[in-house]
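The next block holds one structure in the form of structure tokens; read it before the comments.
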Amino acid sequence: MHIAFFDSGVGGLTVLHEAMKKMPGERFVYFGDSRHAPYGTKSSEAIKTLVFNAVNFLVERNLKALVLACNTATSVAVKDLRSTYDFPIIGMEPAVKPAVEKSEKYKVLVCATDLTLKEKKLNDLVHNLKADNKVDYLSLQELVMFAENFRFDDPEVIRYLREKMAEPDWSRYSSIVLGCTHFIFFREQIRSLIPPHIRILDGNAGTVNNLITKIDTENLNPAIPVRYYISGEAAPAGYFEKYLNYLSEIDLNNTAFL
């Protein structure tokens with residue numbers, strides 16, 4: 001049986017990368033809906049339709065669990081998916097809780113897509129933590145398509161991030177929460193543009209740890225390749241692998257995880 005990872009495009013590869021390190025004996029399937037990216041500018045109903053279409057496709061691949069490796073899709077569809085399917089469905093949750101717990105007198109900046117920032121799920125999370133006055137928000141919507149086009153060190157990307165990272169008064173903050181899996185590709189670029197005291201957190205490790213608790217892990221041949229799909233069709237050879245290679249090259253140890 002397979003563990004499926006779903007994302008609006010390539011962002012979920014950052015979660016798959018974490019799972020491949022912690023669960024080397026599992027069979028994985030990855031579905032990136034790149035032909036419909038970005039999700040963050042679409043309506044909730046449009047996203048829900050796309051997500052259910054993808055999951056119905058994945059169900060035919062003999063799943064034992066599904067990871068919604070997309071914060072926007074999680075915000076919109078995870079509740080309905082769990083009421084429809086009987087296998088474990090793991091959603092993404094921004095690492096707001098650990099960020100707030102360690103913030104002391106400082107604030108936390110949550111960076112996400114336009115729709116994630118508008119959705120009730122994130123607002124409820126912050127409200128339940130009694131952190132409404134401690135959390136600020138910043139949309140980094142453009143990073144999604146930069147990632148989809150494999151533009152990580154492009155001058156236009158750096159200009160965009162420089163403008164965005166110049167907006168906050170960093171003396172008021174202790175940490176950034178990356179609330180979109182696409183953003184993790186730009187961790188080093190963000191790090192270079194903010195003060196060294198700012199911690200960068202994401203929820204990937206916590207998501208994979210949660211997955212491990214929900215399934216019976218297997219110890220299969222780790223050489224079994226991942227099966228990749230783009231919007232319901234087999235992905236061209238190397239299309240997603242180049243992103244995983246990029247993740248392997250960058251330093252993954254400078255970020256605090258959930």
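Even glycines carry a Cβ here, placed using N, Cα and C.
Taken straight from TrEMBL:
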BINDING   ASP7, SER8, TYR39, GLY40, ASN71, THR72, THR181, HIS182  substrate binding site
ACT_SITE  CYS70  active site, proton donor/acceptor
ACT_SITE  CYS180  active site, proton donor/acceptor
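Same-chain residues that are not part of ASP7, SER8, TYR39, GLY40, ASN71, THR72, THR181, HIS182 yet have a Cβ within 8 Å of the Cβ center of the substrate site turn out to be GLY9, GLY11, GLY12, ALA37, PRO38, CYS70, ALA73, THR113, THR116, VAL144, CYS180. Every protein chain shown contributes to the tally, and the Cβ of ASP7 (substrate binding site) ends up with 30 other Cβ atoms within 10 Å. A separation of roughly 10 Å, to the nearest angstrom, links the Cα atoms of ASP7 (substrate binding site) and CYS180 (active site, proton donor/acceptor).
DSSP assigns CYS70 (active site, proton donor/acceptor) to coil in the three-state reduction, outside any helix or strand.
Summarising the substrate site geometry, the residues cited as binding it (ASP7, SER8, TYR39, GLY40, ASN71, THR72, THR181, HIS182) extend over a maximum Cα to Cα distance of 12 Å. Taking the Cα atom of each, CYS70 (active site, proton donor/acceptor) and THR181 (substrate binding site) are about 6 angstrom apart. Comparing GLY40 (substrate binding site) with CYS180 (active site, proton donor/acceptor), their Cα atoms are 10 Å apart once rounded. Mapped onto three states, the DSSP output places THR181 (substrate binding site) in helix. In this structure the C-alpha atoms belonging to ASN71 (substrate binding site) and CYS180 (active site, proton donor/acceptor) are separated by 6 Å. A sphere of 10 angstroms centred on the C-beta of THR72 (substrate binding site) encloses 32 other C-beta atoms.
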